[in-house]
């Protein structure tokens, strides 16, 4: 009901909407309308109330509220069901708990702040309040776990395209799924899965996008290696708008992957990548190699040409780009 | 402390152990010893108490108690930490909850009965009280999820060898991991994993072995397709003894896999298999094929020769054996 009051105020924006018309539209009392207005104010909506004129929406808070995300969202299933939190340890962790309870396909978990945000290789992820898109998407792809790794590269394609189209940031992809502007990271993706050997139970794609973070707000150790949309564009942008674009991109590429497999995703990944045809160092948990990033194969593995001339196929790991 | 009283009674078996000596060995009062004896009796241990003579162990209950499993167990880590339940929904489910809490590597979850035992492809698994080995092992292998599937075939090798050595049952393996005697199933294995794209968080190998189940005890729909150790051997066998052997086999093959990879496991799997070099039908979630089971490749995939002569590699699915 609170959301329906908000809808009416948004329709009336920037004019006043009379209390009487809200009462009639929703079939509730003036006292009830007043209670919902108070609840909306508590959630951060700036609403002016003038006797005989009614209510007027003055300002929408910079929050990733479900009502804001789903209004005008161009997707069929992705992000249609949203769990929003002010603070969580990590959205992936919350998503795991929700997935185990069987929430709908495409459910989005989003938080204003993560107290224990995590990146790949067990690293932390700086996730200050209201400054980024810290979110996880829950999917139930009907595949066996060996076919799941391409989905993490698919997510990178979706984020890169959303950053380009909705925020004007020319992000490139470092294999397999880090998003860079220049040499600095703007987004990290952590994909997790629960599976039997024959099929995936659920897949969680966690994404952390640095949006409205100023350079001096990054911890010292991140200042030279991290960036944000705000830093790149010189102004704050709407997180809701960027997230809506991201969800639309994700759904588009996911549906395409379901129909046509990894090939079209990989083709787009290659167009957006900044890893290939240059010298790199690749680290895995056990080893590291220096070589020339020759190609990414049909499974998403990085094909490295070693100094001796032989080729090395790397299934997973961390790439450090080297001077050409 | 209860376990230490039991140890003393087992050492003294079949003779009486005086209450006084138990008090002195453990440094506790006679009242305390009596309480532990009562607790052991409540757990099913038949203990005779005779004034001036002491206590005598008459019979050990047919239960998979941790103290019974770990006594004389020939492993370094597998099954050293045991969670025993009288009844669970499924041991895999309980194991998932324990793994998420970070119990030690090699932890064993075992139940006398499963109320919702599950097999592969979402099927149920008949798990009556005290009649089988319904258990799950929790492992933390340092691999990426694409390298995990061979572990389910490794488990089949371990169970087949334990059945042959400890129970005298000539079980064969149907790809990838069903255990058959003749055409009838004696054990099913359900492997589950939680992973990031770069590494497995935890792996759970669930095993259901039909041990002391009489033919008439199977539900009608299972009588022609399931068997048990008791049916094959014509007598009941010790579940503890069989489980100890299974744990030792599992640890042996797991350590070998860690050191040398899948090749030696696959070689043994091939020796024990009943799938290859015969006509089969293979079902996956979406499709099915009829053909000749030609080989299993280095990844564990089944290589099928189709009637037209071309080869089909099947990563996961269900095999139905056909008349030669």
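Glycine too: its Cβ is placed from the backbone N, Cα and C atoms.
Listed by TrEMBL as binding biotin are A:90, A:91, A:92, A:114, A:118, A:119, A:120; the candidate from A:10, A:11, A:185 that the record includes in that site is A:185. Within the same chain, the residues at least 6 positions away from residue A:90 (biotin binding site) whose Cβ sits under 8 Å from its Cβ are A:114, A:116, A:117, A:118, A:206, listed in sequence order. Within 10 Å of the C-beta of residue A:185 (biotin binding site) we count 21 further C-beta atoms, all protein chains included. Around residue A:92 (biotin binding site), the same-chain residues at least 6 positions away in sequence with a Cβ under 8 Å from its Cβ are A:118, A:136, A:190, A:192, A:204, A:206. When the C-beta distance to chain B is held to under 8 angstroms, the binding-site residues A:92, A:118, A:120, A:185 reduce to A:120, listed in sequence order. The number of other Cβ atoms within 10 Å of the Cβ belonging to residue A:114 (biotin binding site), over all protein chains shown, comes to 27. Taking each Cβ in turn and tallying the other Cβ atoms within 10 Å, the top scorer among the binding-site residues A:91, A:118, A:120 is A:91.
Listed in sequence order, the residues of the same chain lying 6 or more apart from residue A:119 (biotin binding site) and placing their CB within less than 8 Å of its CB are A:125, A:188, A:190, A:208. The secondary structure of residue A:92 (biotin binding site), as reduced to three states from DSSP, is helical.
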